[in-house]
Amino acid sequence: MWWFQQGLSFLPAALVVWSVATFVFSYITAIVLHHVDPLVPYISDTGTIPPERCLFGIMLNISAFLGMATMYVRYKQVYALNPEKPKIIKLNKIALTLGLMSCFGLCIIANFQKCILYYVHVVGACLTFGVGAIYLLVQTVLSYLMQPELHSKDIFWIRLTMFLWCCSSIVSMFVSSVVLYSGLYGMNLVQKLHWDPQEKGYTAHIISTISEWSLAFSFLSFFLTYIRDFQKISLRAVVSLHGRTLYNTPQSRGSEEQALLIAGSI
């Protein structure tokens, strides 16, 4: 049995692979059509002009769905492992809420492009990576509280490293973006898709774009640490039959008892 066939490990793996493919495919399309510069454009710039905008949008929406599924399964796993620890249960619920907010922000990024509705796009980015970073923090704290009884200390340190990488990328991107869009290097830079290395503000632009790519990959890399945990989870749907038909008709007691006998699980 391959590693991705064990339990639900395919979920975080699919989330990371699909999201990276979204960035790569839209980037290649934008470069081939000369819509952006080849040297480290903003991720959002590679999904601004059709046809890459259509590809970027639909693939990122699927990433949001995979993210929601992954975060929910993680929530159920932590709850099942710590049924009598109120502190962990509370943090686990907070993490789920933050995670779903982050996925909603990803949907906003996918459907409201930077060059069309910039401020809405920024709100989506803040939800995705800002709230998402807090989600990573809470999961890191949960990992600390759950070691060494439920998993090794190594996974805590790995997740802490991913979280610090994400935070450093956020700080770098925020500072360089504030400098870039402060007005010192011109106006309407949000609409600018092509940069000349000789232009003022080019250095701040490159630092900002590199930080954005670093932020995206640090955020996704965190979910790779779920793969080993998810190998120990299986999914089962339980179906209870309350009648032999789908009609709302009165049933005798005997038929109800017979329905209970044929109730089963899949």
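Yeah, the Cβs are placed from backbone N, Cα and C, and that goes for glycine too.
Under the heading domain 'CWH43-like N-terminal', TrEMBL lists 8-233.
Same-chain neighbours of the transmembrane segment (12-35): 4, 41, 43, 45-49, 51-52, 55-56, 59-60, 62-63, 66-67, 70, 193, 216-217, 220-221, 223-224, 226-227, 230, counting only residues six or more beyond its ends whose CB sits under 8 Å from a CB of the stretch. What TrEMBL lists as transmembrane segment is 12-35 (among others).
The transmembrane segment feature in TrEMBL is assigned to 55-73 (among others). Residues of the same chain lying 6 or more positions beyond the ends of the transmembrane segment (55-73) and with a Cβ under 8 Å from any Cβ of it are 8, 11-12, 14-15, 18-19, 21-22, 25-26, 29, 46-47, 95-96, 99-100, 102-104, 106-107, 109-111, 135, 223, 226, 230, 233, 235.
Annotation comment: TrEMBL describes 94-112 (among others) as transmembrane segment.
Marked as transmembrane segment by TrEMBL: 118-145 (among others).
Here TrEMBL flags 157-182 (among others) as transmembrane segment.
Marked as transmembrane segment by TrEMBL: 202-227 (among others).
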Kindly state the mean pLDDT of the domain 'CWH43-like N-terminal' (8-233) in the predicted structure.
91
